Amino acid sequence: MASVEFKSITKRYDALDVLNDVDISISDGEFVVFVGPSGCGKSTLLRMLAGLEPITAGSISISSEVVNALPPRDRDIAMVFQNYALYPHMSVGHNIGFPLRMVGTPKPEIERRVSEAAEMLGLTPYLARLPRELSGGQRQRVAMGRAVVREPSVFLFDEPLSNLDASLRVRMRGEIKRLHQRLGTTMIYVTHDQIEAMTLADRIVVLRGGKVEQIGTPLELYNSPASPFVAQFIGSPAMNIFEGTMDDECFVRITETRIALGTRPSGISSGAPLLVGIRPHDVALGDPGRGTLSGELQLVEEMGNARLLTIQVGGTSVQIETQHQIALLPGATVHLTMPPEKLHIFPK
Amino acid sequence: MTSVKHAFRRSSAISVLFDGPAFPFIMILPALLMLGFVIGLPMLEAVRLSFDSIALRRPAAAGTYGVHNYLRLVADPKAYAALGFSALYMVGTVIGSVGMALTAALLTRRVIWFSGLARVAFLLPWTVPAVVTALIWGVMYDGNFGVINRLLDFVPFIDGQNWLIERQTALPALIVAQVWNEFPVAYIFFLAGLKAIPDELYEAARIDRANAFQQFRHITLPHLRFIIAVIVILLMIMGFKSFPIIFILTGGGPAGATETLTVLTYNAAFRSLDFSYAATLGILAVLASAMLVLGYLRLLPRTGHGDVM
Ligand SMILES: Nc1ncnc2c1ncn2[C@@H]1O[C@H](COP(=O)(O)OP(=O)(O)OP(=O)(O)O)[C@@H](O)[C@H]1O
Ligand SMILES: [Mg+2]
C-alpha cells in the first residue's frame, strides 16, 4: 500500500500541451477517480504514473519516493487496461500468473495465488481457456486477476468497464468497489462516466483540458461545484445554468425576473454578469408571481418514478425533474420557482 | 417471370453443364490444364530423362531405358557427400538468415528517424543479383587484397585466411555470402509480423515486470511463430536450390569441399555431359528437399492452446 503524489506535472507532445501543472495528492488506501471529458489527459496522467509515458516536467512519488526515473517494473503498480491487453496466446491461468512468473516466484506459490485470485473472481472453471474463448465480462475479470495476483501497492484502472454492456458495467462496478473494501489498497481509476466516478470514489479529481478543475469527495463536488463545468459534469440530468446579472443587494436578474438569493455572494459587484446554476430536481413548478421565471413547455419525458420536463426560458433551455403528475401539453406556459438556498452562483 | 425464363431456357445437355454442380470445375478446367502442362511436363521430362541414357560421350546408348542411373547414384560416394553439403548449406543459411533478419527487424521496428533509410539499407542486399553477390564477396574474401583480411589485421589473435581455399572455411564463407543476399526476404516478413503485435501487449508486459528479454520470449516470439515457420520453409527450399554463389565462388572446391547437389548436377550435365545422370541427381535433390521440408513440418507443434494462429 502506498500514497501517491503528483507535483506540478506537465506533459507535452511536441507543441501540444496535454497536462499543465497538475497537483494531486492521494493518501494510502484511497480510491481516487480521475474524471473528465474525452481528451482531457486522464489516461496520460495514469500512464505517467505507471511509467509508460515520460514526464515532461514535475515529479511523481509513490510512498514519498520520486519514481520519475523508475521503469514500470520497479514501481510496484498493477494496471487494468481499457482493452484488457490480455496475452492472446496464453491460457487464463498463465495470463493471471504472468506477473509472478516474470520475477521468478516459485511455482507452487504461483499456483496457489493464481487459484486464489481465480476463486475470488469466479474464474476457476476457465483457467485453461484462451482469452478469445471468453466473454467480454470474463476477459475483464482476467485482467483484474492479473492485477490482483501481484498484491501491488497501487492499482491503476483505465476505463476498465467501457467495453461492457450497461448491466454488466453496474455489476463489475460493484465488484471493483468490493475489491477495494477487501484489499484496502490505493486505487486510481480513470473514467469519463460521472456515475461511475460518483459511486466508486472516495475522492474525485475533475480534469478539464489538462488542468485540475476540482478535487473533492463526490458529495462536495455535487453540493458545491467550484465551476459551472464541474456543476454540469457531475450529476444527471446536468445542472441548469442561467446567465444573469447581479442586482443591488441580494437579487439576481435573469431575463426580466429578479430572483432572491439567500446571501449576497462575496466579491461580486452590482451589475456584474454571473452564472446561476440549479439542479433539475430543485426547480419547482408554481403559480405566476414575483420571483418566478416563466417559459414554454417543450417536452415531457416519462421516467416512471419522475418526469423530465424541458422548458424554454428566454434563450435558455431548462430541464426540471418533478415527482408530480403533469397534465400539461407542450406549448403551455409554465412558471418556475427556484429556492434561493438551492442556487449555485458562479462569477463570469 | 416464368414465361421469360421459359423462353430463354437452354437445351437440357447444356443446362446440366452450366447449372449443375460441375459448373465451378468446368470454369477452372482451362486454368488447371494450363498449370498441369506448365508444371507437370518439365517434371515428367526430368523423370523420363533419368531413366534414359543420354550422355554425349556415349551417344549410342541413347534410348536405352532402365534403372542404371539410380543404381549408379546409390553407389556414388560423391552423391552422398553432395547431399550432406547441401543439407549443411541449407541449415547454415536458414539459421543465419532467420537470425540476421530477426535482429534487423527488432532493431528497425521502433526507429523513428530515418526509418525508411534503415529499412532500405536492410533490404538492399536482396536487390543484388546472386552473381553480383558472388563477385562482391569473392573480392572481399580474397586472401591477399580482400577487405576482410585487411580488417582482421587490426584484430588481435585472429589471422587472415584464404577463406575460399581452405577446406574448413570455404562452406561457412559461402553461407555468409548467401545469407547476406537472402536474409532481406525474411526481414520484411518479420517486420510486418512485428508491426502486427499490439503495443498494448508490451505495455502490459512492462507493467507485469517483464524485462526486455522476457518480452521478446513471451510476447514477440509467440506472435512470430507462424511467420517464422513459413519463412523457414521458404529459406530451406532457397538454400537447397542455391547455385550461383557456390558455383562462382568455389565451383564446388576446394577438392569437392563445397560440392552441393546443385553443383554436382551441373558438373554431371555440363562437364561430364551425362544428362541422364544429372537428371537423376536432380530427382534426388527434389526428393531430399521435399523430405526435409516435410520432416520440418512434422516437428512443428499442432495448432491448439498456446498458438497464436
Ligand atoms: N502519443 C501521443 N502523441 C500526441 N498526442 C497525444 C498522444 N497521446 C495522447 N495525445 C493527446 O493527449 C491528449 C490527452 O489524451 P488522453 O489519452 O490522456 O485523453 P483521455 O482523457 O484519456 O481521453 P479519453 O477519455 O478519450 O480516453 C489528447 O488530446 C490526445 O490527442
Ligand atoms: Mg483515455
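Positions of Cβ are set from backbone N, Cα and C atoms, glycine also.
The transmembrane segment annotation in TrEMBL covers B:21-44 (among others).
Distant neighbours of the transmembrane segment (B:79-108): 73, 115, 118-119, 122, 171-172, 174-176, 178-179, 182-187, 189-191, 193-194, 216, 220, 224, 228, 231-232, 235-236, 238-240, 242, 246, 256-264, 281, 284-285, 288-289, 292; these residues of the same chain sit at least 6 beyond its ends, with a Cβ under 8 Å from one of its Cβ atoms. The feature transmembrane segment is assigned by TrEMBL to B:79-108 (among others).
According to TrEMBL, the feature domain 'ABC transmembrane type-1' maps to B:83-296.
If you look at the transmembrane segment (B:120-140), the same-chain residues 6 or more away from its ends with a CB under 8 A from one of its CBs are 104, 108, 146-148, 164, 173, 176-177, 180-185, 187-188, 242, 244-245, 247-249. What TrEMBL lists as transmembrane segment is B:120-140 (among others).
Summarising the annotation, TrEMBL assigns transmembrane segment to B:170-192 (among others).
Among the features that TrEMBL reports, transmembrane segment is placed at B:226-249 (among others).
TrEMBL lists B:275-297 (among others) with the feature transmembrane segment.
A Cβ distance under 8 Å defines the sequence-distant neighbours of the transmembrane segment (B:170-192), meaning residues of its chain 6+ beyond its ends; these are 85, 88-89, 92-93, 96-98, 100-102, 104-105, 108-109, 119, 122-126, 128, 130, 133-134, 137, 141, 163-164, 224, 227-228, 230-231, 234-235, 238-239, 242, 245-246, 249-250, 253-254, 257-258.
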